[in-house]
Amino acid sequence: MNRSHLAACALIVTGIFIASNLYLMIPHVDYLSETYNVTKTTASLASSLFIFPYAIGLFCFGLLADRLPHRLILLTGILGLVCLTFVIGTVDNFGLFLLLRVLQGLLAACFAPTSFAYTFLHYDGKEQAFVIAIINTGFLFAGIFGQMYADAVFTWFNFSAIFYGCSLCYLLCWIGLASSLAKPRDASVTKPVPIRSIVSFFRFSPLQKLYVTAFFLLLTVIAFYGSLELYLSTHPSFLPYSLQTFRLIGLLGIIPSFFAGPLVEKWGARPLLVSMLLLMSVGFLLPSIAFHPWTLLLASIAMIASTSLTIPMVIMLIGFYGNRARATAISMYSFILLTGASAGSILATFIPVQGVIGAALIGFVFLAITIQGLKIHQSPLTIQS
């Protein structure tokens with residue numbers, strides 16, 4: 001295995017452990033509430049005070065990735081995460097615990113925009129598509145893995161061991177990245193993009209369409225699972241298996257992402273994106289006709305299959321249209337994607353699962369039509385210095 005392949009593996013594994021941090025505290029709200037004698041709402045800040053700084057950090061590190069060597073950002077950020085995550089495991093004050101989670105969220109954000117910028121610079125063609133797709137598949141997988149890891153470590157050891165284990169994993173990831181990432185070259189850092197020019201991203205029609213698509217991707221996933229969980233709380237016998245099993249079976253949908261390279265090479269990013277958006281709609285058509293556990297399961301698999309290819313295609317197109325400002329453009333995408341996920345968790349409490357399914361069915365047909373109008377040969381965005 002050559003060095004570029006080792007770097008790809010290191011990026012993929014690191015992405016899984018970074019994204020898992022978003023979900024580590026979900027199974028432990030009750031524990032935090034009882035241990036620190038706070039309400040469950042206050043205890044849930046252990047997650048939200050990681051997520052919001054993470055979203056802000058995505059934007060900040062996107063700007064840095066257009067100014068500093070990608071290797072430097074990744075190695076410095078991950079090393080900081082190793083130390084900070086270990087310290088969190090030693091804390092027994094809830095206020096300090098929350099403060100360190102804020103800092104952890106900011107540092108964890110170094111990975112996504114920088115790793116994608118690195119991938120655009122060091123990989124081409126179907127290899128580039130494959131690496132981007134698998135990194136994103138790792139992010140999807142982390143939603144299940146993060147909760148299972150945190151629950152298992154807590155059961156076998158204790159709460160602090162969750163963070164000690166993560167710190168060790170980050171250290172191993174740092175070693176893998178340090179030994180495989182390419183050294184900076186002259187072209188790896190372009191002339192900085194003026195911050196005032198970021199507004200031009202939202203005035204450029206292709207990026208507008210891609211950002212709107214990005215906003216609704218994770219919004220739909222989170223709203224679907226969230227509203228279904230609320231539905232099951234009042235209809236506990238509806239599914240013949242647990243919701244966790246339902247989600248795990250849905251992960252079968254990540255399989256197409258392993259063929260992202262050949263698919264992009266054969267069809268191109270835009271046609272593949274349109275096809276995956278339509279697949280999302282077709283998946284939701286089934287439970288909208290017959291609301292049944294098995295149609296919901298098929299919709300879940302189709303949704304994950306669509307998302308596992310839609311997200312990397314959106315990133316590839318944003319990278320193309322963002323031109324020399326691609327790291328900043330992708331950081332804006334990451335921020336918008338996470339904002340959509342946050343909106344999805346809120347909407348899930350107000351919209352029943354049937355409403356989410358109907359809205360997604362119509363919405364993704366509309367998005368597919370919108371993306372079909374993209375002119376793939378249109379000149380990329382030009383930023384004035």
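Glycine is no exception: its Cβ is also placed from the backbone N, Cα and C atoms.
All annotation found in TrEMBL is predicted automatically rather than curated by experts.
Per TrEMBL, these features apply:
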- 7-26: transmembrane segment (TRANSMEM)
- 7-375: domain 'Major facilitator superfamily (MFS) profile' (DOMAIN)
- 46-65: transmembrane segment (TRANSMEM)
- 72-91: transmembrane segment (TRANSMEM)
- 97-118: transmembrane segment (TRANSMEM)
- 130-150: transmembrane segment (TRANSMEM)
- 156-177: transmembrane segment (TRANSMEM)
- 210-232: transmembrane segment (TRANSMEM)
- 238-260: transmembrane segment (TRANSMEM)
- 272-291: transmembrane segment (TRANSMEM)
- 297-321: transmembrane segment (TRANSMEM)
- 333-351: transmembrane segment (TRANSMEM)
- 357-374: transmembrane segment (TRANSMEM)
What mean pLDDT score does the domain 'Major facilitator superfamily (MFS) profile' (7-375) have in the model? 86
Maximum Cβ pairs under 8 Å to the transmembrane segment (97-118) - stretch from the list 72-91, 156-177, 210-232: 72-91
Could you tell me whether the transmembrane segment (272-291) and the transmembrane segment (357-374) have 3+ CB pairs under 8 A, leaving out pairs under 6 positions apart? yes
For the transmembrane segment (297-321) against the transmembrane segment (156-177), do we get 3 or more Cβ-Cβ pairs below 8 Å once near-sequence pairs (under 6 apart) are dropped? no
In the same chain, residues at least 6 away from the ends of the transmembrane segment (46-65) whose Cβ sits under 8 Å of its Cβ atoms read 21-23, 25-26, 28-29, 32, 73, 77, 97-98, 101-110, 112-114, 117, 193, 195, 327-332, 334-335, 338-339, 342
